[in-house]
Amino acid sequence: MQVTILGAGAFGTALSIALCNTGKKVRIWSRNGQVVESLRTHGENSVYLPGFKVPREVLVHSDMGLATDGPAAILMCVPAQELRSLCNTITAASALEAGVPLLVCSKGIENSSLKFPSEVVAEMFPQNPVFVLSGPALARELASGLPCAMVLAGDEITTAETLASQLSGPALAIVHSGDLMGVQVGAVMKNIIAIASGIIAGMGLGHNASAIVMVQGMSEIKAVCEAKVGVAATETLIGLSCLGDLVLTCTAPGSRNMSFGSSVGKAGRAGASGQQKPMLVEGVESVTAMVNMGKALNLELPICSAIARMLHGQLGVRQAAAEILSAPVKSRLNV
């Protein structure tokens, strides 16, 4: 099976290693000249994933036309705010064939439109089936070959099941789901909740308080799922893309969102911490859009609201933590 990965950040690079090690023919594309040079010359992404060798069988491209010529599937591994730009680059290359499955790995919301990643891609490529690959997968562990499980969601459930089986390997289990929207809601909101969890940890408020954040966070995820699609699927809420990814992102030292929050909690202010994080912090990028979506859906999202106002300088860190912990732990989690 030949696959193309568009985007050579930490996750895209780790995915190229994992898929190559399961016998896939892998191409990886990047518009970053430094990354391309590092991969070609040293077999390593020294910018985003230093210390991990990329198999020489992985073909590295900077030409979109060559990268997207004839793969069985394309995995889009760029930040949510760069997704539409990536689609425009693909369109300009005129190489994408109709019917080729597009697997979106972005976790976020497009700020300008409040659209989820699958909606952006489906709008740009109506002739291609769109899926979302998500779940608890730290890049360094994925690249190391440690056990990992993810979910592939899409409206075309039979194709999703086939792709999940084809992409799986001994250390990488991929299951399929028909809940395209629910999986994406969990993917974006868990990053925001992880920032809150990190703040609580950084302030030294204890594990009990962290548990409050995660439960309240699950309640907010459930509320958005219900408002968007009318129902929150139990298998999604307690599955890999929501509960699984939430727990990982809120607790793992390698989680950028939790680490960012912890730095904020320790520093007592948000400004300086952001300058210490050169890597993308997805929750920071998406929280304002998530608050705006909540308003449009007439929802109260206390964690999202507190984090957004804190990042915009409208709320101090201690006040944000107090609001988060005083938010009523909803009883909506009847799963």
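Note that the numbers count up from 1, one per residue, in the order the chain is shown.
Cβ coordinates are placed from backbone N, Cα and C, and glycine is handled just like the others.
If you look up Swiss-Prot, you'll see PHE11, ARG31, LYS107, ALA139, ARG256, LEU280, GLU282 marked as NADPH binding site, on the strength of sequence analysis. Marked as sn-glycerol 3-phosphate binding site by Swiss-Prot on the basis of sequence analysis: LYS107, GLY135, LYS190, ASP245, SER255, ARG256, ASN257. What Swiss-Prot lists as active site, proton acceptor is LYS190.
The structure, with features from Swiss-Prot marked on it.
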residue: PHE11; record: NADPH binding site; CB count, 10 Å: 25
residue: ARG31; record: NADPH binding site; CB count, 10 Å: 16
residue: LYS107; record: NADPH binding site; CB count, 10 Å: 28
residue: GLY135; record: sn-glycerol 3-phosphate binding site; CB count, 10 Å: 24
residue: LYS190; record: sn-glycerol 3-phosphate binding site; CB count, 10 Å: 31
residue: ASP245; record: sn-glycerol 3-phosphate binding site; CB count, 10 Å: 26
residue: SER255; record: sn-glycerol 3-phosphate binding site; CB count, 10 Å: 25
residue: ARG256; record: NADPH binding site; CB count, 10 Å: 23
residue: ASN257; record: sn-glycerol 3-phosphate binding site; CB count, 10 Å: 26
residue: GLU282; record: NADPH binding site; CB count, 10 Å: 25
> For LEU280 (NADPH binding site), which residues in the same chain are close in space, meaning a Cβ under 8 Å from its Cβ, but six or more apart along the sequence?
Replying inline: GLY9, PRO79, ARG256
> If you run the three-state DSSP split on SER255 (sn-glycerol 3-phosphate binding site), which class comes out?
Replying inline: coil
> Which one is it: of the binding-site residues ARG31, ALA139, GLU282, whose Cα lies the shortest distance from the Cα of LYS190 (sn-glycerol 3-phosphate binding site)?
Replying inline: GLU282
> Which of these binding-site residues is closest to GLU282 (NADPH binding site) if you go by CA atoms: GLY135, SER255, ASN257?
Replying inline: ASN257
> Distance between LYS107 (NADPH binding site) and ASN257 (sn-glycerol 3-phosphate binding site) at the Cα atoms, whole Å?
Replying inline: 12
> Largest pairwise Cα distance, Å, within the listed NADPH binders PHE11, ARG31, LYS107, ALA139, ARG256, LEU280, GLU282?
Replying inline: 23
>> Need the DSSP three-state call for ASP245 (sn-glycerol 3-phosphate binding site) to compare against my parser.
In response: helix
> Rounded to a whole number, what is the top Cα to Cα distance in Å among the residues the record ties to sn-glycerol 3-phosphate, namely LYS107, GLY135, LYS190, ASP245, SER255, ARG256, ASN257?
Replying inline: 15
> Does DSSP put LYS190 (sn-glycerol 3-phosphate binding site) in a helix, in a strand, or in coil?
Replying inline: helix
> Taking the Cβ of ALA139 (NADPH binding site) as centre, how many other Cβ atoms lie within 10 Å?
Replying inline: 23
> By CA distance, which of the binding-site residues (ASP245, SER255, ASN257) lies nearest to ALA139 (NADPH binding site)?
Replying inline: SER255
